[in-house]
Amino acid sequence: MATGLGEPVYGLSEDEGESRILRVKVVSGIDLAKKDIFGASDPYVKLSLYVADENRELALVQTKTIKKTLNPKWNEEFYFRVNPSNHRLLFEVFDENRLTRDDFLGQVDVPLSHLPTEDPTMERPYTFKDFLLRPRSHKSRVKGFLRLKMAYMPKNGGQDEENSDQRDDMEHGWEVVDSNDSASQHQEELPPPPLPPGWEEKVDNLGRTYYVNHNNRTTQWHRPSLMDVSSESDNNIRQINQEAAHRRFRSRRHISEDLEPEPSEGGDVPEPWETISEEVNIAGDSLGLALPPPPASPGSRTSPQELSEELSRRLQITPDSNGEQFSSLIQREPSSRLRSCSVTDAVAEQGHLPPPSAPAGRARSSTVTGGEEPTPSVAYVHTTPGLPSGWEERKDAKGRTYYVNHNNRTTTWTRPIMQLAEDGASGSATNSNNHLIEPQIRRPRSLSSPTVTLSAPLEGAKDSPVRRAVKDTLSNPQSPQPSPYNSPKPQHKVTQSFLPPGWEMRIAPNGRPFFIDHNTKTTTWEDPRLKFPVHMRSKTSLNPNDLGPLPPGWEERIHLDGRTFYIDHNSKITQWEDPRLQNPAITGPAVPYSREFKQKYDYFRKKLKKPADIPNRFEMKLHRNNIFEESYRRIMSVKRPDVLKARLWIEFESEKGLDYGGVAREWFFLLSKEMFNPYYGLFEYSATDNYTLQINPNSGLCNEDHLSYFTFIGRVAGLAVFHGKLLDGFFIRPFYKMMLGKQITLNDMESVDSEYYNSLKWILENDPTELDLMFCIDEENFGQTYQVDLKPNGSEIMVTNENKREYIDLVIQWRFVNRVQKQMNAFLEGFTELLPIDLIKIFDENELELLMCGLGDVDVNDWRQHSIYKNGYCPNHPVIQWFWKAVLLMDAEKRIRLLQFVTGTSRVPMNGFAELYGSNGPQLFTIEQWGSPEKLPRAHTCFNRLDLPPYETFEDLREKLLMAVENAQGFEGVD
């Protein structure tokens, strides 16, 4: 059935009484669940109109399918004739599947009784709302939101009905902006006032908003205000006074930014703006009223004087007895945590700003301290989430992103980096003032960090709580108690794009980035984020559509043959490569070339001699599913270790691969995964993470023959070094020092157990007499605690200021050497059967790690520079350009898997891809044209070669490459 709208209307017929036409627009989906093996979905939406009481379906329509995305944009409108009192709309999101049944992605059930009515005189007749997708049953795995616009078409009954509808709508979370309101020209929605203390907003399983009063444990549909809860003022005053006293008790104020937003509890949809009063007098007016949104165009710009008067009228600033006198405007994220807090001395103009120009001047800011009278006007700062206070992210007419600093009315192309400095602890409340930290704008030339949180050590280290914490940490090294040297701070999830707490990145005069550790007051060239292995970093693969705008001065054009190229108007050059993919944060860290290591390695290889009276090769035939035990029996059965120096020849059962180097690299890779698996009890994770390994001191309890297995592992490590292969493992630094026979120092413990290190360092810098420590250690094994003397009769010798250095040395010796001495001796026994230990000692502990395990990070630029092409391919061939683009868009883990797919190992030689070895010596990575576009790529690991078919599109190449890397296993032919 069609109407004057020119669109079909579903549902009831026109002669039905009390019916209205509902316009429904399915706008988009947000962060839907992944159903595809490639991390995407093909979503569409089914709209079902049904009678609520009878569960009878009246109409069913469906949107189009959006391919390969988790954030689809449909923008499709439908019209329904409904009875608002007893009809409902069910929105179901599905992932289209051509082979099997479509996967369920979530649903939203919406009642129709409280929807707004359109006003034809308004510029924006109705607004959208994000609905949390709900599961259909407890087995459903859904996530994300569905963005909808729903409003009734106006009747001919006049304006009274509309006004009545609007008043009713405002009570249920929908907002209809009045056309006569001055804020109707704004692009932002007018936010509701904040909830009273003790109230919480939630959404039920039907998508309806309700409010919970935690003070008297009741719920209601109506949004409360401070006027509604005046009868409970005594409880509110007592509760907020307790919170204010708690804040004044704290030695300083912590301002931090969440590293990863979390979904809000109960499915709450993030609200726009709210006013939070920081330590204000409850007797005064503390209700934060909603501020007007910024103007939509230059024509509707509000003058600073008018905005100042409006803010002065709406914000009630009442000083309390302590002189803490202001309210801070913040933006509440889904995690409902404090992001930034700012009070400036001028009103920021919210008008439309021109595209970026050079930043001019520094933002003016003021510090409000106790006893000072603040200015009557408080700046309304429009802040984009994740940016410093007063900064906003916008896009120009060409889609390029720029940043607006409303504090000093400037624009810039560079994303601001917020530096949050925390003051030292202080015992008095008068020193716990709030300070404004100005954002610093830098142009990072390496891995950038949007946020740096500086954690200063606590003052007053001689306080009794600190001493107790040190003593507890020393008495029980496995104690989870936090270190007394770091100030309390929110526990964030590890996110690769952020530096660790207390670190900062700066640029040296020569353009090289360096890193400052404010915790230890040291600097280093090494990025602290790269201490995490690639499989522990959380940065996901990039989408070509999410790269953002081109850098300033760049232009994208289409060639006559349909290929995209890029013009740099700054240097007047053209290139095929996308400049956005050349960011060091995407390409990976540069390979730190070491000439000294190269010379040592060449000398080391010359001194290794192969005995003359051994067979031509050492053969092993193994099963993949039992590689550990079969390798152990085969290698330990060799009575003469020199036989292992013959050429390795590995065969996997039921595979036809010929080992010319590639199968052996695969064997070392798979065997490393098994040998170093803590499940077998030979190794364990260090105290601070779950990827760095150390010898398990209790390995004898797990395996009676554990020393024989350590000898086997030593032989495998010696085999790898002798034959130029790499192990896949991460060991603590003291492990390599023990191999070299070097003394382990206190600094070596910092990266292994930071809490234990901080405790020992405190003892070194202070008098430990009052701690009542003895020369003994409490060791816990399987729930039982044992006391171990560090020296004869150590439990009777007290640690004093005179003998504390001896105590620290004995603790380190016990922690790293004494407990695992037998295991390390067995490991070195097997290792030195193939390599003389004196020859190994020409390397230091860092170089020994690189010799045995190589580099864990992939520098794509270095990989690309040391690659060759055959059979019609060249560096500028479209398929080659697509291949490297696909590699750049991969996350670090997928690059490692690709490297393992084409070379047989997941590690890179010390000096990069220039030193890749094949079956007959150095062999650069090679890409050769082969096959037809219907086939998957194939690899020859012995020659470091990838056979790549001439695919017709980038999407096809990327899909086939990922499929080959993630699903291929086994050898056939020469490898």
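Cβ atoms here come from the backbone N, Cα and C positions, even for glycine.
Looking up the ranges 117-144, 285-312, 313-340 in Swiss-Prot, the one annotated as region 'Disordered' turns out to be 285-312. When Ser342, Ser594, Ser686, Ser708 are compared with the annotations in Swiss-Prot, the one labelled phosphoserine turns out to be Ser342. Simply put, out of 193-226, 497-530, 548-581, 640-974, 193-226 has the most Cβ pairs sitting under 8 Å from the domain 'C2' (4-126). Mean pLDDT, taken over the domain 'WW 1' (193-226), works out to 79 on the 0 to 100 scale. For the domain 'WW 3' (497-530), the number of residues in each DSSP class (helix H, G, I; strand E, B; coil) is 3 helix, 13 strand, 18 coil. In the domain 'C2' (4-126), the DSSP tally of helix, strand and coil residues is 0 helix, 60 strand, 63 coil.
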